[in-house]
């Protein structure tokens, strides 16, 4: 195992193939959500149901992403990250093909839940292996750059999905997702190292419960995990609800819908690139503080503009773009601080983080949907602002200890 770790840290071609293939799998699972969302308007027409099912597809997907987090992280600690990750890539491909057999919206939503379980493998297994494979400053840069590749999904997904449903049946998207996952499997099979530290230990449910209890008793971890969830919630609520807001609510075309995503996710990528440049030069706490201003300020602009004029969707887009830059700058460092706030094995810690975040996303997207149904764009963006303010309060509590994140890259 030491040979694996040392060779990985040297960042050779084989070592770089591992994060590239992991991000290909991540891209497949993300585009499995972002590309299908504009296509959901065609899906609900196929099954003869109303548009309230559009965001529910994403809710089911993220609920699946929470379902097995508690097990996969500790399981990969004990039997190895590599076999668990490889099974995950094959599982996602299989569920993407199985959804082609559905004949009702209920069956479709159930399959979306089962597909969402594939998200569990990214944080609880894949990213834990990344964190264990590279030294800290290099790891933050790799994580930020990997995020840029993964973020092509929400940048291109809406455009590609809107174009796809005009040219091809929506079912063909899932064949594409399966093909990408199988390609990632081949690369991971060749290049993924084994980094698990507790291999061979027996998996005991009582011991597992004790591990999670110890993790959740850590206040810094709890604040960081909740903050990670509330930081990304406005973005995910936007992805889920924006087809209805833009196409049905504002009466714009699917092309306009896709183009309105470009500044938001373009700024998210710019924030990640800025983070990659500053990482190692600035303390992590400073990077988080720098990201706080555009995050909260952007959400405030979106809320104020749409409360003043319900159809100010360009101001809403501008505010969300500013917010997206902030989250790109702050989130990778926050994830790192939270993951290493506990001395427990990283598979368990990462799984606990994932469950907390996915619970916030699953519940929050549904709350955001009803906020829009009851109060339109203003209420939806006010909900997002509240999420941002909760993030700010949690960050303030987490960074109360002046030593947390003080060293550059730590």
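Placement of Cβ uses the backbone N, Cα and C atoms for every residue, glycine included.
What you see is a predicted model, and the numbers here were worked out from it, not measured in a lab.
For reference, Swiss-Prot has these:
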type     : residues : note
TOPO_DOM : 1-15     : topological domain 'Cytoplasmic'
TRANSMEM : 16-36    : transmembrane segment
TOPO_DOM : 37-52    : topological domain 'Periplasmic'
TRANSMEM : 53-73    : transmembrane segment
TOPO_DOM : 74-82    : topological domain 'Cytoplasmic'
TRANSMEM : 83-103   : transmembrane segment
TOPO_DOM : 104-109  : topological domain 'Periplasmic'
TRANSMEM : 110-130  : transmembrane segment
TOPO_DOM : 131-144  : topological domain 'Cytoplasmic'
TRANSMEM : 145-165  : transmembrane segment
TRANSMEM : 167-187  : transmembrane segment
TOPO_DOM : 188-226  : topological domain 'Cytoplasmic'
TRANSMEM : 227-247  : transmembrane segment
TOPO_DOM : 248-255  : topological domain 'Periplasmic'
TRANSMEM : 256-276  : transmembrane segment
TOPO_DOM : 277-286  : topological domain 'Cytoplasmic'
TRANSMEM : 287-307  : transmembrane segment
TOPO_DOM : 308-313  : topological domain 'Periplasmic'
TRANSMEM : 314-334  : transmembrane segment
TOPO_DOM : 335-346  : topological domain 'Cytoplasmic'
TRANSMEM : 347-367  : transmembrane segment
TOPO_DOM : 368-375  : topological domain 'Periplasmic'
TRANSMEM : 376-396  : transmembrane segment
TOPO_DOM : 397-410  : topological domain 'Cytoplasmic'
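Highlighted: of the candidate stretches 53-73, 83-103, 110-130, 53-73 has the greatest count of Cβ pairs under 8 Å to the transmembrane segment (227-247). Outside the topological domain 'Periplasmic' (37-52) by six or more residues, the chain places 58, 104-105, 108, 157-158, 161-162, 164-165, 170, 173, 239-240, 242-244, 247-248, 254, 257-258, 369, 373 with a CB less than 8 A from a CB of the stretch. Remote same-chain partners of the topological domain 'Periplasmic' (308-313), defined as residues 6 or more beyond its termini with a Cβ less than 8 Å from a stretch Cβ, comprise 245-246, 250, 260, 376-378.
No contact links the transmembrane segment (53-73) to the transmembrane segment (314-334), because fewer than 3 Cβ pairs that are 6 or more residues apart lie under 8 A.
Counted over residue pairs separated by six or more positions, the transmembrane segment (256-276) shares fewer than 3 Cβ pairs under 8 angstroms with the transmembrane segment (83-103), which leaves the two as not touching. Most Cβ pairs under 8 Å to the transmembrane segment (287-307), among the stretches 16-36, 110-130, 314-334, 376-396, belong to 314-334. Listed stretches 16-36, 83-103, 110-130, 314-334, 376-396 were compared with the transmembrane segment (347-367); the greatest number of C-beta pairs under 8 angstroms is found for 110-130. Note: the stretches the transmembrane segment (167-187) and the transmembrane segment (16-36) are in contact (3+ CB pairs below 8 A, sequence gap of 6 or more). Within its own chain, the transmembrane segment (376-396) is flanked in space by residues 223-224, 226-227, 230-231, 233-234, 237-238, 241, 245, 249, 288, 292, 295-296, 299-300, 302-303, 305-307, 310-313, 316, 319-320, 323, 334, 364, 367-368, which lie at least six positions past its ends and keep a Cβ under 8 Å from the stretch. Sorting the topological domain 'Periplasmic' (368-375) by DSSP state (H, G, I as helix; E, B as strand; all else coil) yields 8 helix, 0 strand, 0 coil. Two recorded stretches are said to be in contact when at least 3 C-beta pairs lie under 8 angstroms, sequence spacing 6 or more; the transmembrane segment (83-103) and the transmembrane segment (16-36) meet this definition.
For the topological domain 'Periplasmic' (104-109), the predicted model reports an average pLDDT of 96.
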